[in-house]
Amino acid sequence: MSKRAFNFCAGPAALPTAVLERAQAEFLDWQGKGLSVMEMSHRSDEYVAIAAKAEQDLRDLLGIPSNYKVLFLQGGASQQFAEIPLNLLPEGGVADYVDTGIWSRKSMEEARRFGTVNVAASAKAYDYFALPGQNEWRLSKDAAYLHYASNETIGGLQFDWVPETGEVPLVVDMSSDILSRPIDVSRFGLIYAGAQKNIGPSGLVVVIVREDLLGRARSVCPTMLDYKVAADNGSMYNTPATFSWYLSGLVFEWLKEQGGVEAMAQRNRAKKDLLYGFIDGSGFYTNPIAVDARSWMNVPFRLADEKLDKPFLAGAEERGLLNLKGHRSVGGMRASIYNAVGLDAVEALVAYMAEFEKEHG
């Protein structure tokens, strides 16, 4: 096999090489059955076992309590922006939302189609370079839930704390930092995560929902979007994204082999410390995010002169450092260093950044 590049894409993101190699080995003939997972009936004993193991491994990794359902759904995280209010926001009700960047705003804008949204807090006052402390939040008295994004992939802000909401269910978009460090699932009413960053391939979204929040869907909620229907049918009300589910299960196995979420947190800390440390020590590269709000997963940075962006990216690609261009809405650079991106990738990136600075600084 030719040498694999270091992939810093924000999503679809890097997958563990060992996982891809196993999927490759099983692609034509899954465990001697003479067919691919992509050709299996989702109702077959073999596939039901694949799905059940994936769920159990995820439960083990995150310590998911028994009173939570784990759903493997289609539509990605963006579909959840509508699915959440359809299931949790009653007619005439209000939901609290925290605005920390593009993705949290998108979820907020979608929720407004279904009811009243109270912007409980916003990072706008800090130009989205810092998070508003909870003492600044203005929560509704009778909110159906409070929604926030734990990590903003574009802006590079991440919560290192869990909001306190009392009896109000806490709903979180963890698309880009789930499984990157330990969490207490019991603090949340609902967790959702698009798969294509830290879980597996695109086309799948994982929803972890407390059982008491099921059965609240509005009468106009499509059957396909009703969490209770999904839970009652084992995420198989219709044909699921079978291959994405299977491959995500292989990622969960790999994570357990690596030592679980605690071990990944140690690796991720080392990666982000190396990259931020280099940026902060440089007079050539900058990251504007407040230190206590910096993302472990998505590191945006700028060069001293934006005219150097194109040669920087060209040189990076020549060295097998791919997908470092920042999001089109903000520009600059962005290194996404999810679980499957090793320390060796970050070391190679830092070495190139130092070389480029020496030549152009």
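Cβ coordinates come from backbone N, Cα and C, glycine included.
T153 is the residue from T116, T153, T286 that Swiss-Prot records in the pyridoxal 5'-phosphate site together with A77, S78, W103, D173, Q196, N238, T239. Most Cβ neighbours within 10 Å among the recorded positions R43, K197: this distinction goes to K197.
Spatially close to D173 (pyridoxal 5'-phosphate binding site) yet at least six residues away along the chain are A77, Q80, W103, S104, S107, H147, Y148, A149, S150, Y192, A193, judged by Cβ distances under 8 angstroms. For the binding-site residues S78, Q196, N238, T239, the ranking by surrounding Cβ atoms (within 10 Å, all protein chains) places Q196 first. The secondary structure of D173 (pyridoxal 5'-phosphate binding site), as reduced to three states from DSSP, is extended strand. For the recorded positions S78, T153, K197, T239, a Cα-Cα cutoff of 10 angstroms around R43 (L-glutamate binding site) retains T239.
Around the Cβ of T153 (pyridoxal 5'-phosphate binding site), the same chain contributes A10, G11, W103, S175, S176, K197, S295, M297, N298, H327, S336, each under 8 angstroms and 6 or more positions distant in sequence.
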